[in-house]
Amino acid sequence: MTETMSAKSAGASEIADEGVNRSLWGDVRYELARKPLFWVSLMLVLVILTMAFFPQLWASESPNARGACDLANARGKPTWDHPFGYTTAGCDMWSSLVWGTGKSVILAILVTAGTTILGVLLGTAAGYYGGGTDTIISRITDIFFGLPFILGALVFLALFPERNVYTLTLVFVVFGWTSLTRVMRGSVIATKQKDFIDAARALGASDLFIIRKHVIANSIAPVIVLATIALGTYISAEATLTFLGVGYQRPAASWGLLVADGQTLALAGFWHLLVYPCAFIVTTVLAFILLGDVLRDALDPRNR
Amino acid sequence: MTDILSNGHHRAIRTPLDALAFDEDAPLLEVRDLQVEFHTRDGLAHAVNGVSFVLEAGETLGILGESGCGKSVTAQAIMGILDTPPAKIAGGEVRYRGVDLLSLDESVRRHVRANRIAMIFQDALSALNPVFTVGWQLGEPARKHSGASRADARRRAVELLDMVGIPAAKERVSDYPHQFSGGMRQRVMIAMALALEPDVIIADEPTTALDVTVQAQVMDLLAGLQKELQLGLVLITHDMGVVADVADKICVMYAGGAVEQANVYDIYEKPAHPYTKALLESIPRIDQKGQDLTVIKGLPPVLTDRPPGCSFNPRCQYARGNCAHDEPPLYDVPGGRKSACHYWEEVLGS
Amino acid sequence: MGRYVARRLIQFIPVILGTLFLLHMLSTLTIQIVGDPVRALFGPNAPPQAIIEELQARYNLDDPCLEQTGNPCVGLFVDRIGQYASGDFGVNFRGRSVMEMFLERFPVTARLTVIALAFEIVVGITAGVLAGLKKDKLIDNLVRFTTVVLIAFPVFVFGSLALLLVGLKIGLPLRNSDWAPEWLGQMLNVGYDPDYPWLSLVLPGIVLGAFSLAAIARLTRTSLIENLRSDYVRTARAKGLGARDIVGVHTLRNSLIPVITYIGIDIGFLLGGSLVTEGIFNIPGVGQLVFLAIQANDAPVIIGVVTILTVVFLVSNLVVDILYAALDPRIRYD
């Protein structure tokens, strides 16, 4: 009896669910497609992603390859052949920047994936079950919020003698999961009060089924927006920590290290050492934030 | 009433209102062929399409209709508080004592609000500002319009709370809106509308958000104050029971237009428009226990895509061929009534 | 209000203890996994065991539980809380008290933070209100565009570029010229000058506050637009109030409530950002202390200063929360 009930409710709710989602995402697609800013930021993000995963498409020679860098060229100013000049280590600036993209972007993607999974799971548990579960998760979130991101990350990274993409990801996830959890929790609480959840429950659907089919699908939108923006801010945070000396270590080709190198020398007239790495960082962060911003506008029904 | 009250109309301060030539013999409030449009993504919507009525002092007019029929937009257009854009008043007149309010500059017109015409909103919790005390908000009109001092404004607020029957007004005046119960909050709303002794009050679904028992109390209060102060009251509601009790005449709206106007007795006795008739038949009645309720089939038209002819024709049981293309005018019906139905005689006779 | 403050103070105790415990537990765990920082300090040329043990004792790193991976070291935490309560936040590798170094440098950082806060609040709220009132008009698009770009600039990028372009290319000629007033050159200085304790912090303060300025402007804009659509603003219009009262009295106060909350979070961001700003502009503040400690691998100073900054952050958050209740009666009567 219960089985037929839940099978029936499964069929009914799937239809309802598709109806809700199709109209919501259809509207979003319509909103997005007519926004030039969406296409610009999407193109930028795609370019950055290809640089991160296939740097050889953009700069044939890796700066880490044997013989790629020549100290004789160190700090070389831009020329016609090398419009971006040379780094302090005598590598071509353009290929250093292109090959350094992956370091920042892959870290940011890993951190975003980690924090999103944690945030969705914990936020859903807290928002849907409420009560004791909610209290425990919310109090732990509060305590993590008491530790500002940069300060917290700094202490632990400073204690690690060796830092690579995995240790950085770990520390970032430990300090980054809270905001997504809070947003997901709020969104789930709002969804939970909708009538279709009551309807599904009245039809005898199990909690897990309701969460999978209804709650997550209808609560995820603000998390997607925030995660896109967070991806940009993680890139910014990694570069900041690397700049401070607790992120990637030499001889890795990383944007933060290039800015750190260029910062003092720029004052001595080698402006290209500072301006180009800065431009790469800012453009990348901007691309993700813009994309998130456009998504937010499109997902916000009040803007229609 | 006390001295402070009387500075409502006969205050010493000159306001832009003093320059207006109000004609005390003209009707208190007269709306003529009001047209309001909304620009939406789906096109132009005629939210109000030629509504007219006259209201005299001491009279209560009920505007009746389902949600989305344009009754709230009508109220906000009369008050002049529509959001423009997206809304636009496309035509018509709103005359208060002979002066067309739509032709006034906003700097003058805002003084008409609260001083002459005030409004009561549906949901008092969201209509009152959550961060100021009730006393502060009640005293604000006196401070801003009559130049009352803070102490006077507060005294006035206590007086108003007393007037609408809030116990311990002296203490409650320093409470915030969220500390009041729903019914008490709606009384505060009423008190605020009365702050400057207006002669017209527009109440937009004043009791809809309340429990049934509280609804009756609030409605009694409003009706009592209307009689005592000889106000012209425009009562907007979807509840036929509410208007039956207190209204003198009724204007039924459907899809942005007025479809029937009559005094309350006539309209309940013999409706002259199929929509009114259908509405009356859909009220559950004790003497028809056990019978099926009549429902109005179909949905009201989408305002951006109004059918040609009579807008009620797709749902109407009296509809004939010409209803689908001839838009019915407001026909005069004997007894000073009006009906926008080609076959009003048939409806009246059935 | 009094009851609300009392309740907030009582709630504050578990939060501060929890945060300090988190800081303690994570640092303990890291030391348990990667080895203690005294040995890391010396690297391969380690001094005799006796000296290491003496140093470990001095830095509170001699507790045997630090060698048992996974042990939360509750005993050590209780000891530390006792020391924190008496103002002892450890010593650096040369034996100076962290608290003493902190207090010496704190006034500069406080001035820098005040400048940043004042700048971001005044400019941010003004820009946000202008944009919100003229939604979708030129000024709104301008504010939205500028703020997105500002958010995309990490503090260290903005600081480095400002140092190069403003401090050097514009400021230096001004300071060397005869015609420009002294204060103008000092406002655009490349570093801190003790003779101008406020003026020379203006450029770093702007750099530090730029990110939050953008956030405040956007938050003010969104919340103003939302409140302008609210029912109580419609009521205010029905009361015949003028535009100035409707926006200035009825909308602004409600719109600033989320901004106040943001400022609480922002103080934490500013404290983190001051590390970068003070490093770049060579400002002898608390941030520079950490900046130098990172380069010297002086872990006790990093842990000590971050602990103090966390306490500062939590206390200012408490103050902001109480301020919030003063603005929003719904909170304090809950």
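Using the three backbone atoms N, Cα and C, a Cβ is placed for every residue, glycine included.
Residues or ranges marked as transmembrane segment by TrEMBL: C:12-34 (among others).
The domain 'ABC transmembrane type-1' feature in TrEMBL is assigned to C:106-324.
Per TrEMBL, the feature transmembrane segment maps to C:108-133 (among others).
Per TrEMBL, the feature transmembrane segment maps to C:145-168 (among others).
Within its own chain, the transmembrane segment (C:196-219) is flanked in space by residues 108, 111-117, 119-121, 123-125, 127-128, 131, 143-144, 146-148, 150-151, 153, 155, 158-159, 162, 166-167, 171, 183, 186-189, 258-259, 262-263, 266, 269-270, 273-274, 277-278, 280-281, 283, which lie at least six positions past its ends and keep a Cβ under 8 Å from the stretch. Residues annotated as transmembrane segment in TrEMBL: C:196-219 (among others).
Per TrEMBL, the feature transmembrane segment maps to C:259-281 (among others).
Look at TrEMBL and you will find C:301-327 (among others) tagged as transmembrane segment. Tertiary proximity for the transmembrane segment (C:301-327) is limited to same-chain residues at least six positions away from its ends with a CB under 8 Å from its CB atoms, namely 1, 4-5, 8-9, 12, 15-16, 19-20, 23, 27, 84, 89-90, 92-93, 98-99, 101-102, 253, 256-257, 260-261, 263-265, 267-268, 271, 286, 289-290, 293-294.
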Message: Cβ pairs under 8 Å only, please: of the recorded stretches C:12-34, C:108-133, C:259-281, which one is richest in them relative to the transmembrane segment (C:145-168)?
response: C:259-281
Statement: Near the transmembrane segment (C:259-281) in space but 6 or more residues beyond its ends, with Cβ under 8 Å, are 108-109, 112-113, 116-117, 120-121, 125, 128, 155-156, 159-160, 163, 167, 190-192, 203-204, 207-209, 211-212, 215-216, 219-220, 223, 287-288, 290-291, 309, 312-313, 316-317, 320-321, 323-324, 327
